[in-house]
Number of protein chains: 2
Amino acid sequence: MLIKEINEIRKVIKEWKKEGLTVGYVPTMGFLHEGHKSLIKRAVKENDRVIVSVFVNPTQFGPNEDYDSYPRDINKDLKLCEKTGANIVFNPNPDEMYFDNRSTTVSVSGLTNVLCGLKRPGHFDGVCLVVSKFFNIITPDRAYFGQKDAQQVAVIKRMVRDLSIDIEIVTCPIIREEDGLAKSSRNTYLSEEERKAALILSKSLLKAKEKLEKGERNPQIVKSIIKDLINSEPLAKIDYVELVDDDSLENIEYIDKNILIAIAVYIGKTRLIDNFTFNIKKRMVF
Amino acid sequence: MLIKEINEIRKVIKEWKKEGLTVGYVPTMGFLHEGHKSLIKRAVKENDRVIVSVFVNPTQFGPNEDYDSYPRDINKDLKLCEKTGANIVFNPNPDEMYFDNRSTTVSVSGLTNVLCGLKRPGHFDGVCLVVSKFFNIITPDRAYFGQKDAQQVAVIKRMVRDLSIDIEIVTCPIIREEDGLAKSSRNTYLSEEERKAALILSKSLLKAKEKLEKGERNPQIVKSIIKDLINSEPLAKIDYVELVDDDSLENIEYIDKNILIAIAVYIGKTRLIDNFTFNIKKRMVF
């Protein structure tokens, strides 16, 4: 079922809550792919009712970013959601979401001035604002986010903790194409040639992972492996390659805790991201 | 009943909600007086269950303000709440409310860089943060605020609107001593002599109100009346005297809409505030 109005979705959710049903929530910007599908599936498995929001959020795009050209297909999204077992697709109008004289900011410092936050100033303020609003409208028991946007997950978790928001944040693994490319709505921007070149992201991360598993603990060496491989691809241009503490997203001198390795790479004009976490404690047990 | 732990109060509230009971919430910094009592009474009248939080919130005090000396008396507060019909007094520890590496800010711009916000930088960020947290912990149907803190009411209302928080904000009138002084926990700071001098706040506002009712529409003239009267009191020192739009808190050139007249005055070392709103539309009907 498609719902566009805030008051209407609130009514439905209040009825569910009266019946004691649990609610799972999957926030998306639409143009859903297998990655989103995996979030919805997990939410369906763990909750009585599932809501998927489809909203290309203007406040998280910079002035020179791809808000206008971001791919949209609400009818396809609706079908995917229905087929996957979601109960409601919430697709609000930007006009109802944002007042002209809106003046409230929700901001997470520290975690947001690194990685994508450094390259996209204001992006995470926009994410925190819209997620706060959806959380307040939907009041789910659990919300599902993809590990693909690793920094987003860290920021949302911190916001939820700091604001005492009573929602469990569930992180789901990155879903990849058969050849390894992380699924993304932005992959549709790629030409055939660029699509091949884009493989360099997952390939370089895989090589770094192998090195870590063999015992490498110097962040500079691990980063160099990734950078060198990406630089060998003529269509690729590195935006960033970072190796940080998994929780605080701070740089580290030596790999002796859980880390996040995150990269952003331009393939032609399209900016793609990918990452993996490396759990040092688990390894030390072996 | 006194509750100190977030998890414990959440449990109680969830049980109430299951039973379909409505919840009213009165946020306070304790040392409760008749002003708070009027909020609690109203909440008791309008809701099945009422929670009063008593929390001297460190994040809304500036470094040179009175956080340490702010008056506290939880036992007296408990008795007043019980007698007035509140069901729970929530008195959390600052340690459970704030993590050392807390990094989330909730900020309302525009409305906060005037009046008290101008004189107390960061104050309203602290208010928005703690109110956000309490709203997320208590999830009330209605929350009750005193018109005494007029700017706080305007800021909270804006935050609630902008973040789609599903809570009705109820504003209750200022409660005064018999001689007109607005009730405030900070009145206890006043010596006998200062207590008498403090009357100049309500007196000057009353005079301005009379002038407005007689048709004065020039903000400068109305402000001058107040300033002149306060300046005639030797123990009083004006912090600010402002006449602003009731909703946006912006300065106005001519009084042709609803306005808020708000003042802050030092009586000795104690900073007191008072205000009134003047509803121009109502008057124009007559």
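Just so you know, glycine gets a Cβ as well, placed from its N, Cα and C.
Because TrEMBL annotations are produced automatically, they should be read as predictions rather than curated entries.
Features as listed in TrEMBL:
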type	residues	note
BINDING	A:29-36, A:146-149, A:Ile175, A:183-186	ATP binding site
ACT_SITE	A:His36	active site, proton donor
BINDING	A:Gln60	beta-alanine binding site
BINDING	A:Gln60, A:Gln152	(R)-pantoate binding site
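In terms of Cα distance, the recorded positions that sit within 10 Å of A:Ile175 (ATP binding site) are A:His36, chosen from A:His36, A:Gln60, A:Gln152. In this structure the alpha carbons, written CA, of A:Leu32 (ATP binding site) and A:Gln152 ((R)-pantoate binding site) are 18 Å apart. Long-range Cβ neighbours of A:His36 (active site, proton donor) (same chain, at least 6 residues apart, Cβ-Cβ under 8 Å): A:Val26, A:Thr28, A:Val52, A:Leu80, A:Gly146. On a Cα basis, A:Gln152 ((R)-pantoate binding site) lies 15 Å away from A:Gly35 (ATP binding site). Rounded to a whole value, the Cα-Cα separation of A:Gln152 ((R)-pantoate binding site) and A:Met29 (ATP binding site) is 14 Å. For the pair A:Met29 (ATP binding site) and A:Gln60 (beta-alanine binding site), the C-alpha distance works out to 11 angstrom. The most densely surrounded of the binding-site residues A:Met29, A:Leu32, A:Ile175 is A:Leu32 (count of other Cβ atoms within 10 A of its Cβ).
The local packing around A:Ser185 (ATP binding site), expressed as other Cβ atoms within 10 Å of its Cβ over all shown chains, amounts to 19.
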